[in-house]
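Some notes on the structure that comes next.
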Amino acid sequence: MQFGKEFVRRNSFYKCVINEEETALDSADVFELAFKGKASAIDHRSQKSPEQLSFRDENGASPLHYASAGGNVDIIRLIVSVVGPEELNVQDEQGRTPLHWAVEQNQQQSCVLLLELGADPNILNNAMMGPLHLAVTKRYNHLVEVLFQSCDKTDANLEGDLGNTPVMMACCTNNCQAIQFLFKHGAKMCIQNKLGHYAIHTVAFAGAKEAMEMVLEIGEELGISTSVHINYLDKTKSTPLHLSVRGGNIEVIKLCIIKGARVDQQQCDKSTALHFACTQGALEAVKIMLSSYNKVEDIINIRDGANQTPLHRSSLIHCYLDLICLGKGAEIDCTDCKGLSPLLLASKCCAWKTVAFLLSVGADFRIKDEAGRNFLHFVVLQPKGLKNLPETILQMQNTEMLSDEDVEGCTPLHYACKLGIHDSVKNMLGLNIFVGQKSREKKSALHFAAEYGRINTCKRLLETLTDSKMLNDWDEKGLTPLHLASRAGHTQVVELLLRSGALFQSDYKGWSCLHHAVAEGYTQTIKILLSANVKLLDETNEDGNTALHIAAQVGHVGAVLLLLERGAEITLNNADNSFLHEAVPFEYPTDIVFYSDRKAYGSKVHLLNLAVYLLGLLPLTYLILNLRPKQDVFGNSTSVIMVPVSFREVDSLLNYFTDFSNLADWCAAISSLVFVIPMCFNLENTWQWEAGAFAILTSWIGFLLYFQRFERIGIYVVMFGGIVRTLVCIMILFIFLLLAFGLAFYALMLHQDEFSSISLALAQTFVMTVGELNYQSIFLNAYENNRMAFPGVTYFIFVLFVLFMPILLMNLMIGLAVGDIAEVQRNAELKRIAMQIDLHTALEEKLPYWFLKRVDKPSITIYPNKCKIQNTVRTRLNLCSRQGGPLERELHKQKNRLKTMSCLLEKQHNLLKLIIQKMEITSEADEYDGPHNPRALKQPTSSSSQKSKWCNCVIISSNVFRRLN
């Protein structure tokens, strides 16, 4: 504990002679004075400013804390007399009282005085430790006695951290004297902490033999027999013997056994203390427990929650423990809940000494787990594989065990080929096992090695082949090793199989190895296959699809380009689709036909239709802007204007009038005629201008609807129409609420002109709905001038109106509009295309054949890289675009350098491997025979489940159309 600060004089200038000793005392720190016992200085301070004795330092401690830690009883009395007794229990930032400080500094006199003055001995600090806990833990036993003798309030069973009492703390520190003091002053042995531990459990885990003997003696004095006390159970049903084994103190374990601890007692997971000892490899503890039990066969084979015996636990740690267990009658071939015997469990956990020992004493190596695997399956799965077993063990075992199958029909050889442990493969091949054995999926060892890219394993398997049957054998789907290697993109394996004489066969669906390579997009594999057999390029499967069709379906642009460069023919499959049809999703072939029609004549017809519409719309707008209702129109020379009338034939009357654009055209035409005809006869009527207003409104709305036929603007027009439909649907709810509040205000606001009639009341309510409440002019002024007939009900309905209409209803409409925009935006493009296709279909039926023959084109050539004016302008405006060219070229250079470095590293790696093999050096790198392509580690997926990337494939359509032309 550090005290004090650096002291300086407060005044550097003196005008008179002063007492230097008093000045030094005045400037001294009150905390340091209290700790050093400067009683006179403290008294002087208290007389000048008593509040200094209540100061707190940076850690929240008071001068009383420092005085208690220093053992200065006079200062303690002085501070308590000045400040008051409430200062005795003040806590610092760590929750410590002056009594805590006195105990920590072993100040007996301070403890006695503080207790006499009324300090509370049962306050816990932030660490949940009371003064009694601290005294017991620090073995200040004289302070333990002081705490009980000087205060009657000291609780001998005060619970601290995790509910531990002072007795438990004394047991942890093997403080026998403190246990005796605590017991004399009422400490109980039957209290449990939050873990459910009694004092006997705590002392057992701490390994305190003397404290355990004292606890048992005290239990005898309290009437608890030793045999019952030593077998107390905590919340997990663990006895002191369980905890003593966990603690690892042999003397305490012996004491527990001597005092009658039950070795067969099982805790919640049914584990006994013997299970714990075998798990830890505690050889002496196992000997003690087994020697103390009369019927050893009753506990040596006892099962835990996982149905494991102590032999299962010991087989992972110590082979000598297995010998002891077997010597006491343990079952060597018992299995747990997963069907694992001690031999299988040791093989699974790489306990090779135990494996060798169990096999030497006659363990059954034919036992299989619930997955049908014997111990050799597990051995092969571990690093170094069969190298972990001595040669004598492999020689004495029956070679038929190497052909045992698991539930999937896989043998240890299949496991080794799948993982690429080629040394294990070499060892098993040396035992003359049958290499062509297949799994339930009818896959041989070569299938697994080729599928997972194990090049060295494939070499060892191919060296042992006497015929080419296994090289070209099928699995249950008709896939050969060449198919699997091509599908996973293992180029080295593909080259090895081709050099070994693999045939270019098709699977049961007619897919060749090129189909599988193309489906996954492995261009290097495609090049190898085509260099070996160019006829694969146009070979078809049962659906008539070539490799080009498959590449277009899954959207691998690189594969499509490579196949086209190699001369792939553009053919039709059984569904009369070319590869371009497969590249475009099935929703869009009609769009491509429409695109060609739009490029041919569609856009021109749309523009012509729009121009004709403007011939009627612009004169009508001119009349509305320049004529006035009272103006003399007799002098006007008004001619027949172009009226926007739809010239489309009515195929279906119902469908015709359900289209809003047709309704807008008819309304604009009729209202325009009603507006224009009276002008021709010099008639003046008010309804004429009402019709004109309606005509100009519907005409411009119709003009807006015409824009939905265009590509860029049309999508927003369609979205606007969708939002209008949502508004129409919600108008039903809006009308009823408007009527409800409008009629209510009409009945209550008797003296307001805004609500003098039902129509005005509804109009004012509608305006208030959008936020124009006019609260002061309508409601507040009427209330203050006593013109409101029913103020209470009126204000109640007004509050309901504000909550329902401007807040709730408006927010509901906004939310529906936003949600509808998101939904409409997803489908607006398709709706626009569907509408345009309908328009073009109807237009084609009306156009003459000679016109269609002139404008129709069999194909369109698209030049995506052609320089366009808009692209040039956009590039000029974009400042960052100038950096794109050099940056892309630099990235391309870096990619080429990385490829070159990768090839060099691979060659050096192969060269080092050859050098190591020649020098007969074994390295850990040789144990891993993995693929160079990380994607090959993933489970191969069928091409149908891949997400297509049609857009990139459609871009290359320009090359195709050039070839067609």
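The backbone N, Cα and C atoms fix where each Cβ goes, glycine too.
Keep in mind that this is a model prediction, so the values were computed, not measured.
If you check TrEMBL, you get these features:
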| type | residues | note |
| --- | --- | --- |
| DOMAIN | 654-828 | domain 'Ion transport' |
| REGION | 926-945 | region 'Disordered' |
| REPEAT | 59-81 | repeat 'ANK' |
| REPEAT | 94-126 | repeat 'ANK' |
| REPEAT | 162-194 | repeat 'ANK' |
| REPEAT | 236-268 | repeat 'ANK' |
| REPEAT | 338-370 | repeat 'ANK' |
| REPEAT | 477-502 | repeat 'ANK' |
| REPEAT | 543-575 | repeat 'ANK' |
| TRANSMEM | 689-707 | transmembrane segment |
| TRANSMEM | 713-746 | transmembrane segment |
| TRANSMEM | 758-775 | transmembrane segment |
| TRANSMEM | 795-822 | transmembrane segment |
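Each residue in the repeat 'ANK' (338-370) has a pLDDT score, and their mean in this model is 89. Broken down with DSSP, the repeat 'ANK' (94-126) shows 17 helix, 0 strand, 16 coil. Tertiary proximity for the repeat 'ANK' (59-81) is limited to same-chain residues at least six positions away from its ends with a CB under 8 Å from its CB atoms, namely 1, 3, 30-39, 42-43, 46, 52-53, 87-88, 90-94, 96-99, 101-102, 104-105, 107, 109-110, 113-114, 117. Using DSSP to sort the residues of the repeat 'ANK' (338-370) gives these counts of helix, strand and coil: 16 helix, 0 strand, 17 coil. Counting residues of the repeat 'ANK' (477-502) by DSSP class, helix then strand then coil, yields 17 helix, 0 strand, 9 coil. Counted with DSSP, the repeat 'ANK' (59-81) comes out as 17 helix, 0 strand, 6 coil.
Taking DSSP states H, G and I as helix and E and B as strand, the repeat 'ANK' (236-268) has 17 helix, 0 strand, 16 coil. Shown for the repeat 'ANK' (543-575): DSSP residue counts in helix, strand and coil, namely 17 helix, 0 strand, 16 coil.
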